[in-house]
Amino acid sequence: MSKVHVFDHPLIQHKLSYIRDMNTGTKEFRELVDEVGMLMAYEVTRDLELQDVEIKTPVTTMTAKRLAGKKLAIVPILRAGLGMTDGVLSLVPAARVGHIGLYRDPNTLKAVEYFAKLPQDIDERQIIVVDPMLATGASAIEAINSLKKRGAKNIRFMCLIAAPEGVEKMQEAHDDVDIYIAALDEKLNDKAYITPGLGDAGDRLFGTK
């Protein structure tokens, strides 16, 4: 069974309160999502493999630690996932970025893929899938299905808030994918929106309705 990591760091929770607030404007909302994405990425990448390298400081030579060179890819689920991408890239600027476009059918609530553009060597990369919300789980599950069909194996999912229903569905569908979230909310309402939630992340990021 995959692990669910809920981040209780004070800075994340502080910023998340403003992300949730309906009075937070588009510019501030976008900046906050970017910042929380960066803070979360710090923990999501905690176990990246290191290797020893010999360097010379102004004083002497020494053995230091650097990333072992394992390839990393960030895959935002369009369009809201774009809001978290730059935050992760600020920590790992050499990572490749793929994109998967999905929309939720309002009648069936199922995710439908309309776009996918990924690094050619996606099967060799450690992957962080990002999307601000995990509601029904349909989009995340379909995105990870798409990645696995292309040979991806080492996948993690990162989001701001999640509903218990979505977490359960994700674990049932992909028990090998760890889930990283800033907050686990109460439930989905009758329209499949996370409650208390933060509204529509894509609309709030891009100023659309």
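Glycine residues also receive a Cβ, built from the backbone N, Cα and C atoms like all the rest.
Contacts of Gly137 (5-phospho-alpha-D-ribose 1-diphosphate binding site) defined by a Cβ separation under 8 A and a same-chain sequence distance of 6+ are given as Glu165, Gly166, Val167, Glu168, Lys169, Met170, Ala173, in order along the sequence. Residues or ranges marked as 5-phospho-alpha-D-ribose 1-diphosphate binding site by Swiss-Prot: Arg79, Arg104, Asp131, Pro132, Met133, Leu134, Ala135, Thr136, Gly137, Ala138, Ser139, Asp200.
Of all the Cβ atoms in the protein chains shown, 26 others lie within 10 Å of the Cβ of Ile194 (uracil binding site). Annotation comment: Swiss-Prot describes Ile194, Gly199, Asp200, Ala201 as uracil binding site.
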Original post:
Roughly how many angstrom lie between the C-alpha atoms of Asp131 (5-phospho-alpha-D-ribose 1-diphosphate binding site) and Gly199 (uracil binding site)?
Top reply: 14
**OP:** Can you tell me which binding-site residues out of Ile194, Gly199, Ala201 are within 10 A of Arg79 (5-phospho-alpha-D-ribose 1-diphosphate binding site) by Cα, answering none if there aren't any?
**Re:** Ala201
Original post:
Which chain neighbours of the uracil site, leaving out Ile194, Gly199, Asp200, Ala201, have a Cβ atom within 8 Å of the mean position of the site's Cβ atoms?
Top reply: Pro132, Met133, Tyr193, Gly197, Leu198, Gly202, Asp203, Arg204
Subject >> Cβ packing number for Gly199 (uracil binding site), 10 Å threshold >> reply: 17
Original post:
Nearest to Asp200 (uracil binding site) in three-dimensional space, by Cα, is which of the binding-site residues Met133, Ala135, Ser139?
Top reply: Met133
